[in-house]
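Single-structure report; data block below.
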Amino acid sequence: MIVLSGTIGAGKTSLTDLLAAHFGSNAYYESVDDNPILPLFYENQKKYGFLLQNYFLNKRMDNIRDAQGSQLNIIDRSIYEDLLLFQTVAAQGQATEVEVDIYRDLLDNMMEQVDFSDEAVLKTPDLLVYIHVSFDTMLNRIKKRGREFEQVDHDSGLYDYYKLLNNRYSQWFEAYNQSPKLMIDGDAYDFVEDTEAAEKVLTLIDQKVKELGLK
Ligand SMILES: Nc1ncnc2c1ncn2[C@@H]1O[C@H](COP(=O)(O)OP(=O)(O)OP(=O)(O)O)[C@@H](O)[C@H]1O
């Protein structure tokens, strides 16, 4: 499994499409439009934050199970970033430490490898691709995409949440050690609008995939 990571609006879903088409593999998406909790969460993070994490945890486990057939199947967001998001929500006083601790324990238990036989299927990715974008790019993409509940004009508190999240992402990626990893500069390569940039990004990922013997 190749797993994408990056902040809100980084381009994970678009790169998932590109990679699945490039490798002829399957793509597994986090569905946003039919997520019943997400709009509620954006209205009231304190009330719905913990419920949202449980919802995502369940969906990500589905994705991991479904994607396990091939090393080149793509998942559009890693399960590991959810803790970062929830900790950021908590840092802003919108979730409690107890909620974060309970969520972390649950995540650890779900990700624990209980089968150590040769046939065991690993839940960890074969490669994690992180798309790094600056705070300005993040805000521009969120605006351009126009999902109502994500807009900062509707809620000025969101601006601080996004800024803190963007700052924390780089540290999160530095510390990430569950699998091989690769960073893509999403400011330098606009792989959505620019086909040449898309080719370059695919070449970088191809090199890493070959180096790891995934293809
Ligand atoms: N664990 C989480 N806690 C809180 N909100 C989350 C969590 N995971 C995802 N979200 C929210 O769900 C929405 C979709 O998230 P995500 O960043 O995965 O997709 P995206 O914004 O469409 O990204 P991309 O543009 O990179 O494809 C965003 O509003 C994001 O804030």
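From the backbone N, Cα and C atoms, a Cβ is placed for every residue, glycine too.
Annotation source TrEMBL lists domain 'Deoxynucleoside kinase' at 2-208.
In this structure, ILE142 (ATP binding site) is part of a helix by DSSP. All protein chains included, ILE142 (ATP binding site) registers 18 other Cβ atoms within 10 Å of its own Cβ. Marked as ATP binding site by TrEMBL: GLY6, THR7, ILE8, GLY9, ALA10, GLY11, LYS12, THR13, SER14, ARG141, ILE142, LYS143, LYS144, ARG145.
All protein chains included, ASP82 (substrate binding site) registers 17 other Cβ atoms within 10 Å of its own Cβ. Annotation source TrEMBL lists substrate binding site at GLU30, TYR42, GLN53, ARG77, ASP82, GLU150.
ASP76 (active site, proton acceptor) falls within neither a helix nor a strand when secondary structure is assigned with DSSP, and so counts as coil. Of all the Cβ atoms in the protein chains shown, 22 others lie within 10 Å of the Cβ of ASP76 (active site, proton acceptor). The annotation active site, proton acceptor is assigned in TrEMBL to ASP76.
The average pLDDT the prediction assigns to the domain 'Deoxynucleoside kinase' (2-208) is 94.
When each of the binding-site residues LYS12, ARG77 is scored by how many other Cβ atoms sit within 10 Å of its Cβ, ARG77 comes out lowest. Listed in sequence order, the binding-site residues among ILE8, TYR42, ILE142, LYS144 whose CB lies under 6 angstroms from an atom of ligand 1 come out as ILE8. The binding-site residues considered are ILE8, ALA10; of these, ILE8 has the fewest other C-beta atoms within 10 angstroms of its C-beta.
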